[in-house]
Each structure stands twice: as C-alpha cells, then as structure tokens.
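Read through the structure below, which is laid out as structure tokens, and then see the notes.
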2 protein chains.
Amino acid sequence: MLPAAPITKTQRVRIDLGDRSYDIDIGADLIGRSETFADVPRASTGVIVTNEVVAPLYLSTLRGALQSRHERVLNVVLPDGESHKQWLTLQTIFDHLLEAGCDRKTVLYALGGGVVGDMTGFAAACYMRGVSFVQVPTTLLAQVDSSVGGKTGINHPMGKNMIGAFHQPLKVVCDLDVLRSLPDREFSAGMAEIIKYGPIADMAFLDWIEDNIDALMLRDPMSLAHAVRRSCEIKAQVVGADERESGVRAVLNFGHTFGHAIEAGMGYGAWLHGEAVGCGMVMAARLSQALGLVDAAFVTRLNTLVKRAGLPVVAPVLDPSRNADRYLELMRVDKKAEAGEIRFVLIDPPGHASLRPASDAVVADVIARSCQPA
Amino acid sequence: MLPAAPITKTQRVRIDLGDRSYDIDIGADLIGRSETFADVPRASTGVIVTNEVVAPLYLSTLRGALQSRHERVLNVVLPDGESHKQWLTLQTIFDHLLEAGCDRKTVLYALGGGVVGDMTGFAAACYMRGVSFVQVPTTLLAQVDSSVGGKTGINHPMGKNMIGAFHQPLKVVCDLDVLRSLPDREFSAGMAEIIKYGPIADMAFLDWIEDNIDALMLRDPMSLAHAVRRSCEIKAQVVGADERESGVRAVLNFGHTFGHAIEAGMGYGAWLHGEAVGCGMVMAARLSQALGLVDAAFVTRLNTLVKRAGLPVVAPVLDPSRNADRYLELMRVDKKAEAGEIRFVLIDPPGHASLRPASDAVVADVIARSCQPA
C-alpha cells in the first residue's frame, strides 16, 4: 500500500507545458482563503462562473477569497446539467462579460463540475480570442479529470464535446472539503475516472484503490488526497507527452468510446459521464479479453471494483431492435474515429493501454454480453 | 519606386511561427491548379466553405484542383455578408461536418473574403477542438489582412469579433486573377489595409503606393503582386513578434478603433470594414496631429491617398444628439480597451505607430471635425 501524504499540507502537482504550465493545488479549506489565489494576476475584474446548485454552497466563500485580487468580482450562474452544455448557455456567459465591459485581462473562475469547467474554459478560450481562467472543480470527477489537459468545449446535438478548444487554466484548485457535499451518485462517477488510471498506466495504483476503496467511498480526506494527486500525476504525465491529443493521450479515453455511446444513446444527462465511463471500462476490458489481450480474471477484477465504487456494470439497451448497430453508429462519430473506423482504447497488458480497431462482429458480441446482468 | 517582381512566377511569403509556420503563395491562376495544394496533407475529406456569391464564380475551379488531394471534396455554401458572421452560420458549418462524418484529419478550405475566412478559421479552430484549414482569400482585403495573423472569429450583437480564436492556417493561396471579379467598392476596401502598412511601418511603401495608385486601381497584376506581397511581409513581421496580440501587434489596428465604432454604429454591413478603416485612419491621423505627433501635411497626404483609393474620408454621424459620446461608448468595448480606457493606435512619427490613450475632449474634437466635409 502506498503511503497517503498527510492532508494538513496542501499538495501541488505541476503540469509542465512550457509557457502554458500551471499548478494543481490539492488540499483542505482552499477556496475560502485568499492565499490560494496569490499567484493569479491582479486583473481589475474576476468573474466566477458557476451553476444554480453550486452557487448557494460555495459562491460567497470563493467571492470572499477573491475580493483582494480584483477590484470587482462578478458572477454568472448557469442552469445545472449536461443538457445545458451547449451554445445558448455559453452565449449567456459572453452576454454577461460584454455587458459588464470585461476586457482581455479579465480572469474567469470555473466553480463547479465538469460542465461548468468545460464551458467556462471554452468561454475563456473564445472571449476576445482568449482570456485567462482558473479551475475550481467541485466534483471528484472534475478534480481528477478536467483539471488536467486543457480540454474545453460544448456538446452538439450530434455528439458530445464536438465543439471546443484546448485552453490551459492559470491554475487548478482542488478543495477536498467541497467533496463532502457531493451526492453519492456523483461521487461514484468521479471514482470511475480514478479507477481508470490503474489499468491504463499504473497497476500499483489499482492495487491501492482496491485496498482503500472503503475509505475512499467514506470520503476519507487522506485517502482522497492521495487518489486525486496520483490521478492528476498520471494524467499530467500522459498529457505532457501529447498536449493536443495526436496520439498517446487517447489512452485516457479508456472506457469513453463505449461510454460516449451510452451517454448519447440514452440522452445526455440520463447517465452521468462517470457512470457511462465505469460501465464503458468494463466493456472495453471485455473487448480486450475478446482480442486476447487480457485474461478473464482481469475483467472480473475491474468489474468488481467498478461495482464496489457504486457504478453500473450492466450496459443499457439503446435500441431493442438493433442494439449493437446503434452502439456502433454512435461510436463511429466519436472524435477518435478516423474515416469511420472506430479506434478502441484497449488494455494490453494491464497497466498499459493502446488504440486498436476491432471488427464489428467482435464488438457486437461484447455489447450483447455487456447488456445482460452478469 | 521599388521594383515589382514579375507576375509570372508565384511569390511566396513565409510566416514564421515555429511549428505553426506556413506559406502565403501569391500569383496568377493558382486556385485551379492541383500543384498549388501539393503540400496539403492527403486527408480523406476536404471541405470547401464559401458563400453564395463566390460559389458560382470559383467553387468548381477549386473543387477540380482538390479532387486529387482528397477522396471526397464537400462544400458548404453560406449566405453572403457580415451580418451572417455569427453563431447560427457557424453552426451550419458544424452541422455539415458532423452530418458528413468529418473526422479530425478533415481539411477545411475558406474560399471567400474575410467573413468566410474568419468563420471557416473559427470553425476549424473549434471542430473537434481543432482541424486544419487553408485560406483561399478572394478579396483584396482578405489577401492582405486576414491571410496573416491567424485571427478567426464571429461577431456578437455587442461587438465585432468578440468571440474567436487564434488558429493558423496550413497555407494561404492569394490568386490575383480572382481580384478581377471584385466589385469596385470591395476593391477599394482592400486598398485601405494596404495603405495602412505605410504609416505604421514603412514610409517607402507609402511612397510606392502613391506613385502606383493609378495602376493599382486599374488592378494591374504586377502592381497588385507587389502590394499584396509587401503588405503580407509587413504584417508577418509584426505578427511574428507578437502572435497572441499582447502588445506590438496592436499597431496593425491603425484606423480600426474609429473604424469599428463606425461599423458598429452604422450597423454591420452598412459600411464595408475597409471603408470604415480608411476613414478611421484619417481620424487616427488627425488625433495623432492633435497630440502633436505628426504634422498637418501628413494628415492631408493620408487623406488624399485614402480618397484616391475610392474610400470615404468623411466620418458618419452616428447619433445627431450625442455623436461623440456614441463614438466613445462604442470604442470603449473595443478589445484593445483596458478597464474602459481606450488605447488608440497613433502615428508617431510617420512609419511608426504606438498605442496611447487620449482625453475624451480631444477625441470628441477630432470626431466633430471628421464628420464635416473637408
């Protein structure tokens, strides 16, 4: 078992991207302290973008910490949910910024989960062709996933995250205290991405998660601090080698090809992203097994851990009359597809992932088996 | 007088931006030849984005040249005009790309003027977080302005180009033959940006333009080739020193602060961008004079040349009851403004520009004088 660093001290993960480098701070009681934001430029205006669920919980706390950094701190409160991750909501942010006369030095703060982070980041990428932003992720998923990588964007009726930009934050603040208010279902969704880092990069980390899954599910701060830090480190390592996702970075999408099909097929918001990824990982592991890359024990092990994290492991039927075809259709518009060929992130061997195509027949069989309760 | 290079040979201006470097090819009969596009990657899909005015003239010519580069060449024909430079039109491009199953390797071709170029470039910047695009500018303005710098974007009801990205093209093809079909008014609009490069960077070039203004207005290819090349070279020099417009690059906006106010105040499309810039340059020269930076002779000289290029030199009254206030109000939301302070690009001395604030009273006086026929 790896030692978890003590929670009292804020931990820092450096994301090394040349002149776009930034730090992720991980610790307790961060968002209410002005020192947390000491390295953010003293722009005249700071704008907190959040949603109607998070605003009552943390908006005034963050506002308080930012008062000393900016002459005025404005806020934009968006509706909650993945269904609002679209142009009209983005337009709301632009309207606010322009009405308030925000200039190019304005700093945006994304206070919320992945949806708020992706939209705020994309707004920052596009407003006056680019302003700075700080990520303050309030969900476990956002802390371990969207806080590293600079991916921002919105959905299109024909596909998730189809419109977006790579735009790195000035810094990321992962306050572990805010995870206490997270609903169980959302907490589990975050666990999916933490578990993900094991099979694709670090089986010792998977061992550690298995050993600490009970403490993690009880939201023990010391266990969480380690899980968040190690997840960010692994993601940083992968992203550092491939900032613009031309190759190796795609391994981070383990479980996402099936997962995106589930999300799109069920209608965005029906399944949480992390739930779809959790189930998608089990499906991708099964596909890896079907291609002879991993053994049945590995699939069972992953299935068990995903289940213990409170995540679904039985895939939904998207269309009773042509279920596999529907999955395949949805996966073919995935951004990783090339000229219509789906490239799956497969485990080969455990602790390492690679991109490969697979025949429709084999994939269809995996889908059929995954839709049946084990 | 500088020698104009012979038109028979295609001239190339290299835009040096590290791994985002690209070439601008300037010459006759370029868009119909497949050799022109020999260095574009052989992606399975190429998509020509153009508008309903340009399509009947050059779409089939460009399609022909691209057939050998891509397995399929698709096209998206947008409505014409600045008023369509907005999200809904951009959405049309995304819809086409997704419906056609375009992947990340897809290459977009912007065939048209600045509006098509800005929107296609922004679509390329955002589609799946970034695909490649080639600029094929069909207006003089687009050839000497938007072909260098990587600025892309759309308008917002509250301001021009407020939403956008920096996204460099793979290459730019300036075919001088296509300028023959350009309406006089649009040709003049392009001349505004050519003239601009003199006062801000190269007074010898201004001398050359004055000596050759008649040939240029007759669209003499050899004169045009020199004017386009030299304009691109100067812009490249400035942009190379400041890709993201943090400082020195702003000098390229000489005439644009007043110009944007004219465009916004009259309603986008009433004045062409180049017309507003032409008039705006005379206003900015007058402001430079008011601050003691240039003499009256310089203002007269610029005024005369702008007029000979067929451009307006008398500024429009935007609001009879509070004209100067309306101008100032519109200029305060300019992207170059900082915390509400307008920064003007002023000539100081001729051949060099710098950014400075100016008191509202002095600016108001310049506006009042500029709105009266000389």
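Note that Cβ sites are derived from N, Cα and C of the backbone, with glycine treated the same way.
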Listed alongside A:His256, A:His273 for Zn(2+) in TrEMBL, from A:Glu193, A:Glu329, A:Glu338, A:Glu341, is A:Glu193
Using DSSP and collapsing to three states, where does A:Lys160 (NAD(+) binding site) fall: helix, strand or coil? strand
Out of A:Asp80, A:Val116, A:Thr139, give those binding-site residues positioned within 10 angstroms of A:His273 (Zn(2+) binding site), comparing C-alpha atoms, in sequence order. none
Whose Cβ lies within 8 Å of the mean position of the Cβ atoms of A:Glu193, A:His256, A:His273, the Zn(2+) site, other than those residues? A:Leu141, A:Asp145, A:Ala192, A:Lys196, A:Gly255, A:Gly259, A:Gly274, A:Ala276, A:Val277, A:Gly280
Across A:His84, A:Lys160, A:His256, listed as binding-site residues, the smallest other-CB tally within 10 A is for A:His84
By DSSP, how many residues in the domain '3-dehydroquinate synthase N-terminal' (A:76-188) are helix, how many strand, and how many coil? 45 helix, 35 strand, 33 coil
For A:Asp118 (NAD(+) binding site) and A:Glu193 (Zn(2+) binding site), the CA-to-CA distance in whole Å is 16
